[in-house]
Structure formats: C-alpha cells, structure tokens
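Feature annotations, courtesy of TrEMBL:
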BINDING   GLU35, ASN39, ASP81, MET86, 100-102, 125-130, THR175, ARG337  ATP binding site
DOMAIN    28-185  domain 'Histidine kinase/HSP90-like ATPase'
REGION    1-337  region 'A'
REGION    338-553  region 'B'
REGION    554-631  region 'C'
Amino acid sequence: MTTPIETLEFQSEARQLLQLMIHSIYSNKDTFLRELVSNASDALDKLRLESYRDKDLGADTSDLHITLEADAAGRTLTVRDNGIGMTRDEVVALIGTIAKSGTADFLTKLKEAKDAAASQDLIGQFGVGFYASFMVADKVTLVTRKAGTGEGVRWESSGEGTYTIEPVEDAPQGTAVTLHLKPEDAEDHLYDYTSPAKIREIVKKYSDFITWPIRMQGEGEDAEVETVNSMKALWARSSSEVTEDEYHEFYKHVSHDWQDPLETIRLQAEGTFEYQALLFLPSHAPMDLFLRERKRGVQLYVKRVFIMDDCESLVPEYLRFVKGVVDAQDLSLNVSREILQQDRQIQLIRRRLVKKVLSTVKTMMTADAEKYATFWREFGRAVKEGLLDDFENREAILEISSFASTHDAEKPTSLRDYVSRMKEGQEHIYFMTGESRSAIENSPHMEAFRAKSYEVLVLTDPIDEMWVDGVGGFDGKQFQSIAKGQVDLESDEDKKATEVAREQQKKDFESLLTWMGTALGEDVKEVRLSSRLTTSPACIVGDTHDLTPTLEKMYRAMGQELPPIKRILELNPEHGLVTGLREAHASRPEDEGLAETAELLYGMALLAEGGELADPSRFIKLLAGRLEKTL
Ligand code: ADP
Ligand code: MG
C-alpha cells in the first residue's frame, strides 16, 4: 500500500500571514529561532505534565531536551524536541490555521498600516509563532509523532498557499522542524543560521532561561555535544543576577508577545508557604482583551515544573493582561483548576499579586508619568472593571485610575489631582457620562459648570456607567452626575442674595410648570426650573437614582425588561423662549399652539443631550410650521 500524500490549503488568515513572513518585513529575523525553541519547550512541558497525569501514556520522558542540528552543506537547520508531538489532525488544526482570537482584526489593521514601520510594529504586537520560520526558510519540513501513539506525520510547505501532509512510519517521539534556509542569506554571515557561533549567540540572547537543555553538536573533529543554555529559571535567581534583557526575553516566551514589556514585577515569599512570582505588564493590549474567549496570562509552576497556562485562580479577570509565572513550592504536582479555586494558599497569593500590581502602577504614576500613561491607555478600560468586581481594592483602583476631564482636553487626570483642584466649598466630584467627549462638552448640563468653572470628569467608556453609581466616593468626596438630580453651585452668600428672586420666580412660573407637566406628561415625570443652564432654554435630567439613558439602552439591548423610565425637563427661567412661553400661557391659556411649543422645547432638550426623538417627522413638521410663520 502506498501512503497517500495529501495537499491541503492553508486557512485564508494563515495564508495572509505567511505572505508577510515570506516577504519578511520584520527586521529581526533571528527571532524565528526563539519561536521554535519556545514551542519545543512548551511541548516538553506538556509531555511531562501529561505523563504525570496519565501513567499509562507510554511515552519516554527519561531525557527530555531540545536539539539544534545545523547542516552547513545542505543549508538546513533542524529544531528537534522529544516532547508531546502532534497527531495528524492537530498538525492541520494548529499549523494549517491560526486559531488566535483577534487574527482577523489584526489583518485588517495590517492592511491599513501606512508604512513598513507600522506593519512591523503590528506584527510585533501580534506575534506570529511558528510562521516566523518563513522569514528565513523557503521550505519547512515538520515531522512529528504524538507521544503515546505509533504513527508519525510529515508536513511540508513553502508557505505559498498549500502544504502537504503524509503519514510516516518511523518518526521519533516529538517534533522536528527542519528549515531549508533561503539562499540569499547564505553569503551574509550575519544571517548564517548554520553557523554554530551564530546559533549559540541567538540561543544565549533569546532562550537562555529555557528550563530544558538545548543541545548542539560542537565544532571540530571530536567535539562533544554541548548544552548551549544555562537553564536557570529566572524567577528563582536573585534579581541582581538577571539582566533586563533576560527578563524581556523571558516575557516574550511566556506571553508570545514580540515586544518588550512595560514593567517587570518580582515577588518572593519565604517561610511556611514559599513561592516566587515573576510578572509583567505588557506594553500594549492584546487583540483579544475584550473578546469573550480571552485568556489570562499567568502560568502556574510547582517546584519549577510547569503546571498550567492561563491560571485564572491567580489573577482576577480585570487584571487578565498581566503575564508571567508563579512558582509555588508546596502545592501538589497534580493540582487541578477546581482544587486551585478552593485553595487558601492560592487565594493568599492572588491577594498579594493584586496588591503588588496595583502598587506598582501607583508608583509608576509618579515615577514615570509617560509609562503610566501608556499603561492606562492600553489597560485602563479593563482595570476599571475591577471597580465593580473587587470591593476590597476599590480605593486602590480608583487611586491608579485616570479620567478625561474638562480641566485639560489632552491629558486625563487622576482623582487625586482632581480633588486637589476642587474649588473652595466644592463637596462633590462632578462627572458626566455619555457617548463621546463632544456630546458631553456640548450638552446643556455643562453650561453652569462651565460658567462657574467647575471641573467635570468626562466619562465615555461604557463601563463608566456601571461603576460610577456603585462606587460612592473617593477620598471622602462623593461622585455626582451633573445630569442627574438637582445641582446647586451657588455659594451660601449668593444663595441669600438670590433667595427672594428665586421665590418670586417660582411663583411666576408655577402655572406654566404645572400646565407643561400635564401637557408633556407622557414623556416626562416633572417640569421644573433649572439652575444649571445659562444659554440653552431647557435640558433633561435624570432623578438621582434613575438609570442613565445609556445604561437603559444597554440593559434593553441585553434583553432586560424595564419599565419606561421618565425623566425630568428643566427650564431656563432666563431664556427668552421660556419667559415668552410663560407670558403667552398667562394671557392665552387656551391656545393650542402652546402645547406644540412645549413639545418642541422638549424635543430640543432631547436632541441637545444626543437623545433620539420618538417621532422625528412630527417634530420636523411642527418646527417647519413655526419657521414658516417667521418669514
Ligand atoms: P503559539 O505558540 O503562540 O501557540 P505557534 O504558531 O508558535 O503559536 O504554534 C502553534 C501551535 O502549534 C502551538 O500552540 C502548539 O500547539 C503547536 N506546536 C508548535 N510547535 C510544536 C512542537 N514543537 N510540539 C508540539 N506542538 C507544537
Ligand atoms: Mg509559539
């Protein structure tokens, strides 16, 4: 029987990515080796774990290692491991496609990228793993046999659209990736990946910390096989021994990110419960930060042995972007995710990690404002979810948060800074939520605050709507929406002076307000005079404890049943339209046109806050009628 060779097509995303790699616009080609070694190391981790869990696996775990085999004459380089390997279907699924979430998004952005530098930057953010091989090879052969199975698979491709796949009889356990190096790199010793010196240099630089031996045949007649990496787990070494570059390369291995991290965080606990943590804040958000199938980035080790990726018990959801490793000394090697969730020691580690991450960011705020700004731009939206979830650290999260504000259009402000700028006698932290900065800034609610130069936080993330009501306050000051409840910006002195005038105003308008309340009764629950308007005739505000319109929309979109929420119409007693309406109503209470004016006034207030009219064509008809009369 002849063994069939199948030719299959790459998934289209994979094809596009491969094109990029073949035309190698990424400047640092050496990184291909880091990716292959990283995969080999993962495969060894997986096999050790699997054979520990499944005693009948029948795999050989006696000498797990990685081998680099260079053939200068044949111009090939092979990266071999005796790890977990892949079945045929796994090869098709894992190598023939990219399953990474956010891929489509990444490719769209890449198409929009203006120049080579921008594309490079994007590739760095995305990370391409195995396909990095095609930066240096014009053909790649992969032979693999899944540990515990009998038959191997051979995969081969030049990266141009298709690959072949066929069974092989006598493949060793694990995976061997052979790169047929591009001829153009042969002359240039900078890129001679068959040179042992070059290979050694790359391994030292990118993969030294890999905890499995990386072996290579030495040069010369009777040279022996040597181990080219030091294999020291970085987190177990004292920080003075580890260079920043080493931390950065380790970060790239655990995160699959190609860019340096923003910050490295170390934590060590000795005593009865010993553990080490080496954590990183990335310098950019992953493509899947807000996708449903997103993962968390902390790996769990027990006594240097890799136990699991994406250990959700170690970091809360809102810190899912934190990457790194926790190595606990006293856990059992066969802990499961379920056990971890209950484990008291794990909960203690988690609490400490969270506090450490938050305090690191807090330090960053003053020590390196630019770095902090990057952090907040990339991860602020995720961090703010903690205001809903993590009651214990609420104050600390508020402390490291920044918000857009009317104080400075360019730069967000911390709450601490907001509080330091509060006016004499100001008791609240004022904010407004909305869909965009311009909608908020141009809303009538802002008028009196602007006129009296009170600073207002401009909250435009959907999540802001959710936390701001529940959080209460910061530093003893309550958050107060400028679009809700009554506002009172007058000082006590001003109040006295205007009290008499106010009383008079109330009397003057009483009959208008009562009448309008009835006329607009289907839409609003109250019509009252406003102290927040200077130039607009009217605005709509919510009752103190009512849902905001955005939240209402969100809940309805999620399919929640809500009773209709009526809001309050506030009139500006200084505005000509309002005073005119009052006079007209006093002299001709029966005039039916007045109800239409009231309706128009309400419609304008609705539009001014970015709301939608219930019946736009009616509004336009009424308005056109009025305009016509003015001509
Ligand atoms: P990533 O490592 O980020 O998942 P890669 O493109 O590097 O992406 O690899 C894709 C997948 O192929 C890996 O997740 C792994 O499942 C599989 N794979 C790659 N190399 C090996 C290997 N040497 N042994 C076993 N599986 C491998
Ligand atoms: Mg990889």
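Just so it is clear, glycine is given a Cβ too, placed from its N, Cα and C backbone atoms.
In TrEMBL, annotation is done automatically, which means it is predicted and not curated.
When pLDDT values are averaged over the region 'A' (1-337), the model yields 90. Cβ neighbour counts within 10 Å, taken over all protein chains shown, single out PHE126 as the most crowded of the binding-site residues PHE126, PHE130.
Its own atom aside, the Cβ of GLU35 (ATP binding site) has 25 Cβ atoms within 10 angstroms in the protein chains shown. Selection of the binding-site residues LYS100, GLY102, PHE126, PHE130, ARG337 by a Cβ distance under 6 Å from ligand 1 yields, in sequence order, PHE130. In the structure shown, across all protein chains, LYS100 is the one of the binding-site residues LYS100, ARG337 with the greatest number of other Cβ atoms within 10 Å. ASP81 (ATP binding site) falls within a strand when secondary structure is assigned with DSSP. Ranked by Cβ neighbours within 10 A across all protein chains shown, the binding-site residues ASP81, GLY102, VAL128 are led by ASP81. DSSP assigns PHE126 (ATP binding site) to a helix. Secondary structure of the region 'C' (554-631) per DSSP, as helix, strand and coil residue counts: 47 helix, 5 strand, 26 coil.
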